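Worksheet: the structure to be examined is printed underneath.
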Amino acid sequence: MVRVRLAPSPTGTLHIGTARTAVFNWLYAKSQNGDFLLRIEDTDKERSKPEFTQNILEGLQWLGIDWAEDPVIQSERVAQHRDAIRALLEKGLAYRCYANESELATMRDAQKASNQPPRYDNRHRNLTKEQETAYQAEGRDAVIRFRIDDDADIHWNDLVRGTMRWRGGDLGGDMVVARRAPADQIGDPLYNLVVVVDDAAMEITHVIRGEDHIANTAKQLLLYEALGLPSPTFAHAPLILNADGKKLSKRDGVTSINEFRSMGYTAEAIANYMTLLGWSVPEGMEERFTLREAADQFSFDRVNKAGARFDWDKLNWLNAQVLHSWSSAQLLDVLRPLWLKNGWTIPNDNGWALELCELLGPSLTLLNDGLDQAAPFFECPDLEDDGLKQLQSEGAKAAISHLIDALQAERWMGTDFDQAQTLLGDAAKAAGVKKGVMMKSLRAALLGRLQGPDLLTTWSLLAKNSDDLPRLQRCLS
């Protein structure tokens, strides 16, 4: 059975890159009737926080991503990681390196001066017992390094990139697998080692991650072999790029799923767009889909090698498509909490709020638009420049005045639209203006501007709460 995993580090909130990796893993697992698993890589003791773990889990659930088993907590497996390092030491495949930071800095400076790439020169690979004893007598601690032969031939068939081949000499020298500690101890195990041990223990069959991990894959394959563990199949998805074609980073602004949510993007649109960041839909498939629909079509032969540029216009279009497909009841379920949080009073009868959602729905791109566009229905808006100009135009005040007189004589309750048309026509005629002037002036009086949703429905909603007449009267004061 296919078993894939997402292995986020809880050192921050759920990042868009992690979310895209989660989506690809989940899609592949579902396409193969396999399992999607979670591992929380919390071994960075200083930066890992429980609230970030909670944020990641909640963010994945919001996107519609579920997992088959309880998350594995990496920090609870340190004993197994040290056992693996101990096994490497016993086999002679790892050793203690006593080089201190000053010596390593001098080594790197010399390499830089001679235009050589930075790498550890394996200087302590073959220390004698006497040399080790001498370093220990100096009180030096040691890291533990894994031997990487320069002539090692590392290759694998990547599901996205085809045959990949690396030389051991390109991996920067013998790799540190445990942090510095006294010579009789094993320090904190490091990323490449713990990932191999944990993936094997979780019986992961496929590792799907970003292309920035390709060099790590070469190192990890050597560790799988050294530890006698079966290696998984690898797939390296393209990076997410900004508009300039560079890797998307915090400097580009919004990168956290939290931020996308607060801006008013829906989970369905974000999950949809994450799928399109690097995956091409098959012929005949629409670009708007659910994760479940995408899983039925997902395969790595449609995952691109080139980086995927983040396109705000495409995301906005997808989000609008999602919102426009919702019923008024669905929209109200999401907008009601936003309206209440804003301090607005919603009538107990859902009918009025549902009518408002039906009116606003077709014009929404983001959920937050449902705040901006709903505001004039809950509180009297200020007059904007175009609205003020309209109300100061010839005949506008007379038209509003005649409409007020008509409403005071025959109150419109917001239900009979034929009555509304008659009231507007009569007021325009009495003021000696065209009906278009009457309509523009009414919109300016009610909304404070000349742009907005259907005018009669707008008037109807305000009339049902008796908010129309005070706004009309304001225009004459």
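Cβ atoms are placed via backbone N, Cα and C, with glycine included.
Cβ atoms under 8 Å from those of the motif ''HIGH' region' (8-18) belong to residues 38, 40-42, 44, 47-50, 52-53, 55-56, 59-60, 210, 239-240, 248, 255-258, 260, 274 of the same chain, restricted to positions at least 6 beyond its ends. Here Swiss-Prot flags 8-18 as motif ''HIGH' region', drawing on sequence analysis.
Swiss-Prot lists 247-251 with the feature motif ''KMSKS' region', giving sequence analysis as the kind of evidence. Per-residue pLDDT, averaged over the motif ''KMSKS' region' (247-251), rounds to 79.
Sequence annotations record features per position, and here Swiss-Prot assigns ATP binding site to Lys250. Secondary structure at Lys250 (ATP binding site), taken from DSSP and collapsed to helix, strand or coil, is helix. Taking Cβ-Cβ distances under 8 Å and a sequence gap of 6 or more within the same chain, Lys250 (ATP binding site) has no neighbours at all.
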Secondary structure content, the motif ''HIGH' region' (8-18) (per DSSP, counts of residues): 3 helix, 1 strand, 7 coil
